[in-house]
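Quick look at what TrEMBL lists:
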- 27-222: domain 'CobB/CobQ-like glutamine amidotransferase' (DOMAIN)
- Cys115: active site, nucleophile (ACT_SITE)
- Arg149: substrate binding site (BINDING)
- His215: active site (ACT_SITE)
Amino acid sequence: MSDMANANDGTADVAAAANANDGRVLDIVTLYPRDMNIYGDSGNVLTVRRRAALYGFTPVVHNYNQGDEWPEHVDIVLGGGGQDQGQGTITDDLFARSRQIRALADDGCPMLLICGMYQLFGEYFQTVEGDRLPGIGVLDLVTVGQPVRMIGNLVDHTEEFGDVVGYENHSGQTFLRDGGRTRPWGRVDADGTGNNGRDHTEGARYNAVIGTYLHGSVLPKNPRVADYLIGEAARRRYGMERLEPTAQGADELRRLDDLARRAAAVAASRPR
Ligand SMILES: NC(=O)CC[C@H](N)C(=O)O
């Protein structure tokens with residue numbers, strides 16, 4: 001029974017990690033999990049935590065909700081999607097944290113923001129009812145709700161990671177500002193809508209920040225994106241140039257990568 005528990009929660013890997021990597025801590029902040037976590041986005045947190053342990057780190061997850069204390073160290077920021085209402089609930093607190101978050105983004109802290117949180121990392125999200133929720137301006141983009149929701153599995157062709165597979169479900173159309181420091185993360189084919197259903201872009205990139213509409217959850221199906229976040233965190237905090245699995249971690253990573261490949265292939269074969 002304890003073996004089972006260990007296999008599931010990563011504890012065994014943390015213990016093994018002590019040999020390979022001194023169990024160096026990675027502090028992972030998950031933004032507003034109470035109000036911003038739909039379509040399985042919490043799977044991103046589990047994936048980063050698990051893979052960080054398999055690479056020999058001691059991952060510490062900080063669930064940050066409104067009014068909580070901001071953690072002393074921040075190595076990775078993860079944020080999920082939410083209903084318009086959930087987004088409305090957290091905007092004041094997010095705004096109060098905006099200077100800290102912008103400073104982290106400028107400093108190269110890796111972040112992954114999905115859908116509703118992606119929108120709020122832009123300049124604003126105007127809901128379909130016309131209410132304008134202010135964003136924190138990490139990304140140079142604006143989002144405007146429209147009556148027809150954009151829903152379905154989606155393949156995002158990115159230059160950095162190849163094809164990234166996920167699931168989109170949003171009313172907001174996102175437009176990147178011309179000439180800003182933010183660039184699209186990838187491109188979608190004609191059968192996927194991505195940022196806005198018009199210009200075939202999907203998501204946004206600035207420094208080590210990735211914003212995307214892909215739920216699913218996206219990281220279990222696309223582990224190289226998880227490894228990118230962990231790798232950037234390890235570089236920024238510890239000056240490490242590359243990730244090295246623990247002795248036990250290597251086999252488990254291979255098994256997880258194989259599962260991910262198969263899950264991504266199934267999702268990609270069922271576009272809408
Ligand atoms: N899935 C989401 O996070 C939805 C975000 C936002 N409420 C929209 O519909 O555009």
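Glycine too: its Cβ is placed from the backbone N, Cα and C atoms.
Nobody curates TrEMBL annotations by hand; they come from automatic prediction.
Because the structure is a prediction, the values reported are computed rather than measured.
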Inquiry  = Suppose we draw a 10 Å sphere around the Cβ of His215 (active site). How many other Cβ atoms does it contain, all chains included?
reply    = 23
Query = Can you tell me the mean pLDDT for the domain 'CobB/CobQ-like glutamine amidotransferase' (27-222)?
reply = 96
Three-state secondary structure, the residue listed as 'active site, nucleophile' (per DSSP) = helix
